Amino acid sequence: MAEESDAADAGVAVQLIDGEGEFACEGAERFMAAAGVAGCGLSYAVVSIMGPQSSGKSTLLNQLFGTNFREMDAFRGRSQTTKGIWIARCVGVEPCTVVLDLEGTDGRERGEDDTAFEKQSALFALAISDIVLINMWCHDIGREQAANKPLLKTVFQVMMRLFSPRKTTLLFVIRDKTRTPLEHLEPVLREDIQKFDQIWNSVAKPEAHKDTPISEFFNVQVTALSSFEEKEEQFREQVQQLRQRFSNSIAPGGLAGDRRGVVPASGFLFSSQQIWKVIRENKDLDLPAHKVMVATVRCDEIANEKFGCITSDTEWLDLESAVQSGPVPGFGKKLGNIVDVHLQEYDKEAVYFDEAVRKGKRQHLESRIMNLVQPAFQKMLAHLRMKALEKFKAGLNSSLESGKGFAAAVRDNTECSIKEFEQGCADAVIKQANWDCSKILEKVRRDIEDHALSIRESKLSELTTHAKEKLRKALAEPVESLFDAADQTTWASIRNVYRRETESILPEFLKTLCGFEMEYAPAEEMVSKLRDYARSVVESKAKDEASKVLIHMKERFTTVFSHDKDSIPRVWTGKEDVRAIAQDARSAALKLLSVMVGIRWDDEPDGIDSILTSTLLEGSVVSKIASAASADPLASTTWEEIPPKQTMITPSQCKSLWKQFKAETEFTITQAVSTQQAHRRGNSKLPPPWAIVAIAILGFNEIMALLRNPIYLFLLFVGYLIFKALAVQLDVSREFQNGVVPGIFSVSAKLLPTIQNLVNKVAAEQQPEHHHHPPPAIEPPQPQMQPPPLLLSPRSPMSELRRLHMPPSSPRKVASASPSSSSSSAVSSPRHVAEDQKPRPVVAGHENESNIADSIV
């Protein structure tokens, strides 16, 4: 590359068009690169030379511009030296000047083809050159048929093929001038040029230039040079003077002052190639259209080159890679600088081409660059969108945790997130693009609204669930307890509880809803739904308790039947009116049933209680009268006072439940009656009065004997104590409840173990006294509490009945410490075991009395 550059600087000539008329593209491209012409913009000039063959054109150029065009060897004779068109850069001339050496005219080597190539090369020189040197001999001036006249005729003829020709400088160089001064030769030469008006007029011209004089198209100047062979020193001096005229030739007033339609240097080679192609095809050359075509091609090439540069730009590639993983601060500024650099490079290279074409191609390049970088911009916006949504989520959670109202928190955080997103968009947008971020902004707003709506629904659902849970806890247990103690005021109490709890919880819930800034209608609807839920809790609990109404009735019956008005368990001593007590217990159970038959949300009283009482209670005069006077009021599936939706137990179901209730409570009543009878038998052990009188009369002697002998009384007293202790230990009264024979067998089986236990106890008490030790602590006998009779159904297991109606037995290990537990340690007979499975009435006695006292304590 350095060698080519040195060669170009030395004025090395390169063939541009060969002798066959083919354009040498490769050689011309190497010349343009080596000579550095492409970077000159419009600051360059093109000089060409034409003239007869062997007229010294190459010699003149080499001497004038320091080039090395091939020169004719005078010793080999006159022949064609330059074939085709050669190009070289002038050495030491500023601005950059490119010179073309054209093949000589009127050469014998081409023969008949001379005229055709002569016209083509002349037209080519006029189209691309700023200055055309016409080399002619001095002795040809003034001759009618001199060699210069065919050349000028050729120039005039091809001139009209340029639709919009520019004004070209024709510099006539008179070679080998004689002693005749130049000022005398120039008028003659100009006169000869004027003589060609008839040729100019005979040339077909466009209508616009039909009457235009030749001076409008050519700037004619004349110079003369001495003979190179005879006066070489003088020739060189004159050449140096002429060389000075080419300095700053493109400046106003210079040799190449007319710069219309100049092609920028970077497009010179392409323009030359296209012009020669049109000329070779023998077409008219439209220079303005050609100028546009050159600008289009070259601007396309420059744009493609700059687009390729930005696609391989490391800064762009790094930025594109960085934005894939997250938002890049200063994205728009960085990307804008990258794009601006490449667009400025395009402007710098395309500045001299046609403005319309240049701007159009620049816009196309911008569009391509924007399409290239827009995916990265969209990725940046996606990151900003996600960042804005995350900021909104975090800010909303923080605001809600601090106790701020939901609507205010959403509004403030939305504004903050949108503002940050807009700032991010402004930072991401590049100045070269007019990208609209409104659509992505709408998406951000929609994302925020969707998330806020989701959180709103979640919070409202959470608040509603919390309020429901509070209502359920506040209503379920109180309602259940009210149903347990059901009476005529139960539903009034339930309504009061419902009203109190809803009026306490729902206003608080409504106050919380104020933070959501809801409209009145939706808020009131939510409160109404909570009221309905509270009613459903009460109704659900009522229906649940109604499904267990039979159990509640039996419990109520048991409570009233087995306990007196002070809630003390009854002891059936035989003085109680079992029938009246049972009637009261059934009446209480019936009242509970009347409470359970339906849900009563209003305060209006109903007659269901009186209907059930008059219809179901046995022995009622009203019931008998009603049965005789009318049909059964319970033979129905609905109540007149209660709507069907609020009915829990229908009249027919009440009748069925009462029947089952009576059947299951008969056993309890029977058991109480049996207990009274057993108590009466236990208290009737004393003989009748006549028997006592007979014993006293017949046993008078024995009684007196006992009174006279105190030892007998002592022994009798000791025997009574022993007998009483054995009776207590054996629980004789209980054993004989089921009959005499079973009692005898049971007492017989327990007698011996009981005596052994008593003896062991006495021995244990006496032993510490012999050893002079303090007696060990003796566990006091456990008082046996007689439980009150419990109402159970006939289907209850016998073990449960025995547990409830028999005194508890002490463990075998503490039998020696408690005399009352000796009966449990004795081995029972099979008969006794069988008898234990039966419920036994409580026998009145000393032990029973102690048990009752213990139970009261």
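Quick reminder: no glycine exception, Cβ is built from N, Cα and C everywhere.
As annotated by TrEMBL, topological domain 'Cytoplasmic' applies to 1-686, 732-857. Residues or ranges marked as domain 'GB1/RHD3-type G' by TrEMBL: 41-259. The feature GTP binding site is assigned by TrEMBL to GLY51, PRO52, GLN53, SER54, SER55, GLY56, LYS57, SER58. Taken from TrEMBL, the feature region 'Disordered' applies to 764-857. What TrEMBL lists as compositional bias 'Pro residues' is 775-791. Marked as compositional bias 'Low complexity' by TrEMBL: 811-831.
This view paints the features noted in TrEMBL onto the structure.
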{"residue": "GLY51", "record": "GTP binding site", "CB count, 10 Å": "24"}
{"residue": "PRO52", "record": "GTP binding site", "CB count, 10 Å": "20"}
{"residue": "GLN53", "record": "GTP binding site", "CB count, 10 Å": "21"}
{"residue": "SER54", "record": "GTP binding site", "CB count, 10 Å": "18"}
{"residue": "SER55", "record": "GTP binding site", "CB count, 10 Å": "25"}
{"residue": "GLY56", "record": "GTP binding site", "CB count, 10 Å": "22"}
{"residue": "LYS57", "record": "GTP binding site", "CB count, 10 Å": "28"}
{"residue": "SER58", "record": "GTP binding site", "CB count, 10 Å": "23"}
